[in-house]
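**Student:** Just passing along the structure, written as structure tokens.
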Amino acid sequence: MDGDLALCAGRQAEFRQVGRARRDGTPYSTPSSHVLSGDLEGSTSCQDLSGQGSTRLPDQRSEKASDVRKIIHVDMDAFFAAVEQRDHPELRGQPVIVGGDPGGRGVVATCSYEARRFGIHSAMTAARARSLCPQAIFLRPRMEAYREVSRQVMGILRCYTPLVEPLSLDEAFLDVTAATADGVLAVQIAREIRARIERETGLTASAGVSYNKLLAKLASDWRKPNGLFVVPPERGLAFLAPLSVGKLHGVGPATVKKLLSMEIHTVLDLRNASREALIAQFGKAGLWFYEIARGIDLRPVQPSHQRKSVGTERTFPKNLADPQVMLATLQQMAGQVAARLQVLGLAGRTVSIKARFPDFATITRAHTDAQTIWRTEAISACLPGLLAKAIPAGLPVHASVRLLGVAVSGLVNVEAVPPDTGQMNLLEDAVDLR
Ligand SMILES: [Mg+2]
């Protein structure tokens, strides 16, 4: 991918200086120092802080620095597997797979980078992983250990801003706009966070810094593992242009297929499609695609106390027509939503489902309970009734769905969720669900 980017010799020289400062142990205590100029403030470069080069392209927008948000996405590297390798030194350097039983229907939850070299990845069946790498070491997840590290990591993140939005046990968005108002740079915060995580947990995290969630998340993935990457506003469009559309948030396999049939492969292709064409093809989602192709993503970072709902949704490569399959899919999502509620320390009173039909018409159906809901069982119990309301028998137009979603809203904070009662074990169970 680097081949697409013009190198900037000046910035590279500057980077080398950063590298020297780092080796000398010089602290990054002066935010105005040139060594931090890869940050979002007034910079025209996109620095690769992992030492693999830097890039520069002409300014493409002239937003005032004060209008620009500073978003960091932090993502632990191969999280479950890394915790196992940390706690069991004999596993270091080995292909380690945390997940379900390779002899059964289990799936890979996380695998070490050594295992990834064999083509193994998350969500692959454990049986397939074993056939790719027979010598791999298979471990069952130890969720309590991972939750403990997660609490530590989220605690570190909250030292820098109250605006921390965990996405799962091992990744979160931070909005550090306010923290940077007095001249501290977002990249400095990201660098410090990575160092603290490593020092305090013995594990590495990658971080991306940019002006919205879409780009911060793509940036954290850019130099994984153990990387830091910054996409300043003037670099956003060029950074996105060569990426395949499937990398974009909200673009699932079904959408990718449809986009490919429209000869849209890269984000640049998507940018060249007209707004009208995208809306005609994808409805409201088309508008989202139109905007993200231009690096526009106004979604706020939502800390759990401001959050209105916790949910998940999935677009299917082939429309689902069998109500039994729809229900099973919704129940699987209920487990994911319950796990997410646990991470966020939340519970709710309303369970809703969302269904999108082949004509892109979208409906939601909700059930509000007198009890607070946070366990999978409780969410699941609402699903048959909601599905029956969403897909009434005898309506052929809406008999199949291209998307389903489950959400819990009416949220309240759960002060103390007992760690080992049912709910969180669902994360373990989820490993064997597929
Ligand atoms: Mg991760």
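Glycine is treated like the rest: Cβ placed from N, Cα and C.
Take a look at what TrEMBL says about it:
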type     : residues  : note
REGION   : 19-64     : region 'Disordered'
COMPBIAS : 42-57     : compositional bias 'Polar residues'
DOMAIN   : 71-252    : domain 'UmuC'
BINDING  : D75, D170 : Mg(2+) binding site
SITE     : F80       : site 'Substrate discrimination'
ACT_SITE : E171      : active site
**Student:** What is the interatomic distance between the Cα atoms of F80 (site 'Substrate discrimination') and D170 (Mg(2+) binding site), given in whole Å?
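**Tutor:** If we compare the Cα positions of F80 (site 'Substrate discrimination') and D170 (Mg(2+) binding site), the gap is 9 Å.
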**Student:** Using a 10 Å cut-off on CB atoms, tell me which of the binding-site residues D75, D170 is the least crowded.
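**Tutor:** Relative to the other binding-site residues in D75, D170, D75 has the fewest Cβ atoms within 10 Å.
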**Student:** Please report the DSSP secondary structure of the residue listed as 'active site', reduced to three states.
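**Tutor:** In the DSSP reduction, the residue listed as 'active site' maps to strand.
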**Student:** What three-state secondary structure does DSSP assign to F80 (site 'Substrate discrimination')?
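**Tutor:** Reduced to three states, the DSSP call for F80 (site 'Substrate discrimination') is helix.
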**Student:** I'm checking region-level scores; what's the whole-number mean pLDDT for the domain 'UmuC' (71-252)?
**Tutor:** 95
**Student:** Roughly how many Å lie between the Cα atoms of D75 (Mg(2+) binding site) and E171 (active site), rounded to a whole value?
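**Tutor:** On Cα coordinates alone, these residues lie 4 Å apart.
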